[in-house]
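Below: the structure, in structure tokens.
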Amino acid sequence: MANVWGVRLADSLSSPTLESRNRSYTLHDFCSDLDASAGKEPWKALRNQRTSEIVAVRLFRPLQGLILDTHMYGFPGEFDAWEVFVKEKLRVLKYEVLRVYPISGYSNSHVNVFVANALVGAFLSNQAFYDLLPLLIINDTMINDLLGAGVSLAQFFQAHGDVLEVAAGRKYIQMNGYSNDDDDPPLFAKDLSDYAKAFYCESFEVLDRFFWTHDASAGVLVHYDKPTNGNHYLLGTLTQMVSAPPFIINATDAMMLESCVEQFAANAAARPAQPATRLDQCYHLRWGAQYVGEDSLTYRLGVLSLLATNGYQLARPIPKQLTNRWLSSFVSQIMSEGANETPLWPQERYVQIAYDSPSVVDGAVQYGYVRKNQLRLGMRISPIQSLSDVPAPVAWLPQYTIDQTALEDGDMVGHMSQLPLRPEYGSMWVGEALSYYVDYNQSHRVVAAKELPQLPDTYFDGDEQYGRSLFSLARRIGDRSLIKDTAVLKHAYQAIDPSTGREYLRAGQSVAYFGASAGHSGADQPLVIEPWLQGKISGVPSPASIRQFGYDVAKGAIVDLARPFPSGDYQFVYSDVDQVVDGHDDLSISSNLVESILSSCMQATSPGGSFVAKINFPTRSIWYYIEQKILPNITSYMIIKPFVTNNVEVFFVAFGVHRQSSLTWTSGVYFFLVDHFYRYETLSAISRQLPSYGYVDDGSSVTGLEVISIENPGFSTMTQASRVAISALCANTGNSRKTISIYESHGARVLMLVSRRSPASAKRKARLRYLPLIDPRSLEVQSRTIMPSTPVLFENSNGASPHVCLTMMYNYEVSSAVYDGDVVLDLGTGPEAKILELIPPTSPATCVDIRPTAQPTGCWNVRTTFLQLDYLSDGWITGVRGDIVTCMLSLGAAAAGKSMTFDAAFQQFVRVIAQSAANVVLVQVNCPTDVIRSVRGYLEIDQTSKRYRFPKFGRDEPYSDMESLERICRATWPNCSITWVPLSYDLRWTRLALLEAATLNSASIRIAELMYKYMPVMRVDIHGLPMNKSGNFVVGQNCSLTIPGFNAQDTFNCYYNSALAFSTEDVNAAMIPSVTATFDNAKNEWTLDMVFSDAGIYTMQAVVGVNASPIALGSFVVDSPDVDITDAWPAQLDFTIAGTDVDITVNPYYRLMAFVKIDGQWQIANPDKFQFFASATGTLTMNVKLDIADKYLLYYIRDVQSREVGFYIQHPLQLLNTITLPTNEDLFLSAPDMREWAVKESGNTICILNSQGFIPPQDWDVLTDTISWSPSLPTYVVPPGDYTLTPL
């Protein structure tokens, strides 16, 4: 693909090859044109492409004789009026013509086009025209008739011996709306009077002799192919100018430009069987070339005309309707820097045609053309395919050549950078609340308030306030109170009273809302109230009423909630009071306010009721107050963090208020708060590193945008600076997404590239010694317009997908494991080599992948090697260094590709690594670390074939189990320590993501956290110190670790997520139910006996010596208890309101609730229908009240104590679908869902449930408390019968 200065040409040739025959212009044709009948008018309306207003008219014969000033014609300025005016004038002129030349005698007589144009022009300007009528019909030839005329026609024609001078009439006229707007059509100076003169003669030789003695400095133009109306030269005027911003061009250039564009359009449209009016539309320069330089527009248009005649095509299609904007851009490209990269150069006296040009104009039969046998273009013949414009920037993947330059050269082209600029900020986080919670669990260790973590001392420092503010501004969400309230209610309504088996919070309760505000957009009350009352919050039944209290209420009572007030009693009090309103940032004042609010909540809650209180600043003093004043007077509690914005605010939920108990804080609360504060500190630190909201990006921030703009880009050796600039952007931004736009801007065609710099890309750039240069080919071939958009820092409005979030989690683990100078061997690197952005720039790296790398080579400052091979093959690793081996998201695919089991692939992986000098292996494995459950839509697990299926990608991989993988490791490395790297819920992994300007999505994070359980990271310290496990590492059971090789003075720490679970330095402070540590001097080993109350991954660390050096000992997994569950139904079912008791056998660790699946969505079943309680023998009993509708619904028992409801247990209650209903006693009947249902008794329809205006049969009664799955659907008591239900 060649460039001619800034004009990009296509890589194929095309020309019209079939020419239509000329047809003589007869008097019949002339009169038909004067009729101007609809659809056959001798003009064409031209519109502004933005407004669609008609702003100009293109004129055809016989209207091309308008040579006087516009005011001489008296034309109306609006097209509709102009058209009426002209049609009336032409109609009158036709009758004048027919009066002299009756159609009956002159119908086929040939008309002199020169005279026809002049006649119409004179008539429309009210000039004398009768002298022209005798010349209308051709006697000899058009030219000779006028040369021999004895009348004075100097206004239109002049004779110069054998040469006839004809004034060029307008080809366009402007309407009032024409303003030379960017979207107006270009008129090429042909709307001006006297823009050119035409000189006609029977032979070109006579014309040449004429111009020997006349001034040709303006440039003499010629149509060699089928010159209109005869051989002629065209002399444009230098005084008539037309604007093509930023250029002003004269009439000669304007005419060349128009003809050149027309020929390029004809080339693109050419087809073998499609005739063209003219094979070569171009004007060529016949005289005057000596007056133009190679940098002039005239000369360059001459080159383009030559190329168009030879069949070259523009790489970028010409729009069907030209605009001034497009033309300005085209002229700007013509005049930009560069060179003519084609072998064609214009000659003054003839047009050279290449030997292999598809054009059939030829000097053998046509004057002015010479085919050059020695001139060959070597291009294929094919019309260019027109591509549609693209409305938004398109992603671009850079590719590299072996060329390099100095890194400093990239800084030298800074003039192409668009920095500083003010980008849009976008959203760093989208989606609903990411909720975390903990509730009271009596199996947990008792913890005092003083042992709970304290609010960070720096919380009110200025930089932390800035971080919170930035996160809040860049967090895209609707009404934040609504989102938080909804999340809190969903969790609170799931809590179950173990003494009754029913939820604490149920439908129809009275509710008080403390802190209600009328300041919500579009409502004069908190936005949660209306959907709550209407039962539209999934899993949250509607209350009987909600009364509002607070400073800013509109539908309630104004009151100071921190002081006693006559509120009345409510079964549920929801307090959304902010301590910052009265307490600001004074912790003592705000803590006292919390205590007052908690007291008000207690006073307003009826016995056995519940309340929620928001705590903005959870300090130990508040926990101590709750411990002393609240916990003894409630039966259970829950702490919820609906993570919407980054702060330490939590919601405390109290259940069973005013009932005595011995509740305490627990280790679960301790772990929850540790994660909570770590999560806040992590995101606060990240936010403080991000640029400020609304910032001006000058390139100094670690995270930001890189934008370069290249006008009229070419990629020849003449525009090396452009290539260096693009390469510098790629070096600055690494693997960040890059987008390109190619568009018109102020007369220039612009290439804009946008990407993002980050600490990760800075690491990669710091590794470079030289600047690798990109291959511009993929940019060169772009001929489309790709529209730009305003650069956005966080651009993904939907947020990262679950798979991207999962990858970010792995990236964090890799970056955390590698230290300065570590030699890294990365397996399954991928073409993008992300590893180079994760490890220190001082760390040598060997990257191995079966696919070729897309990274440059030979440009690195530190040894960086790329090997293309199968890393599961033998022999290749000899001599390859690697202190730490990393392998992420690769081994499963490699096993699938080789049709191996995961065990076999992992064994070969270990065998290969064992031949190296590696100390650490960090590998992502396909291995469940928890109860096997599919992740809907993302991960399907086939336990029979031991395969993972990824439906989003249409692939599957094998998986293994933890024991097998550990056994394979220890068989090769007996003394290794193995760590199953836990996923921390403090979100520390988001640092890399957010600093790379990746938008996170709450739902995606939840899914990625689930997937991580089945695709964990395994760390093997090959030369570590192993732990020996004994006993059952199951929640609530005794287990022990034996750790040899340490001294009695050494200490062992155990971590659960981010929190310290216990330390042997003080086992009494342990956060697990039981731990004892003993040292055997004889065996020189430690034994740790433990009981755990939380399932998950625990990591062990030894602290040795006077320097307290940490040594990783590996990890172990504490499993949840057995998930087996059975339901034993009695032989005789009870269809009365007493219900049927069903014995449930399940481990008491699990808390259960009944759910129903409606339209594929889980709904909590009505607690009045299903009740769980402990029987006298200590077993679990489920009481269910039976309904005819049960046969038509899918009920399940699901566990509710995990972060994911139903993660461990989803047990179908299949008997409900198969029960035989009695026909001799009253039964209960509800609608199975909200649709209309036909109720049939013995096959006869007796009524339609849920129908409009439904009235139950007279022998039906309504049950006071519904036992339908939904509390909003009534239950009827129906007489004995044989009932069936049919949906309508």
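Glycine residues also receive a Cβ, built from the backbone N, Cα and C atoms like all the rest.
Following the DSSP three-state reduction, the secondary structure of Lys190 (site 'Involved in formation of the phosphoamide bond') is coil. According to Swiss-Prot, the feature site 'Involved in formation of the phosphoamide bond' maps to Lys190.
The Cβ of Lys898 (ATP binding site) lies under 8 Å from the Cβ of Leu872, Ala905, each of these being in the same chain and 6 or more residues away along the sequence. Annotated ATP binding site per Swiss-Prot: Gly892, Ala893, Ala894, Ala895, Ala896, Gly897, Lys898, Ser899, in sequence order.
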Other C-beta atoms that fall within 10 angstroms of the C-beta of Ser899 (ATP binding site): 9
In the structure shown, which of the binding-site residues Gly892, Gly897 has the fewest other Cβ atoms within 10 Å? Gly897
Taking every protein chain in this structure into account, which of the binding-site residues Ala893, Ala894, Ala895, Ala896 has the most other Cβ atoms within 10 Å of its Cβ? Ala895
Would you count the other C-beta atoms found within 10 angstroms of the C-beta of Lys190 (site 'Involved in formation of the phosphoamide bond') for me? 23
Expressed to the nearest Å, what is the distance separating Lys190 (site 'Involved in formation of the phosphoamide bond') and Ala893 (ATP binding site) at their Cα atoms? 67
Apart from the site residues Gly892, Ala893, Ala894, Ala895, Ala896, Gly897, Lys898, Ser899, the 8 Å Cβ neighbourhood of the ATP centroid comprises Leu891, Met900, Ala905, Glu957, Pro958
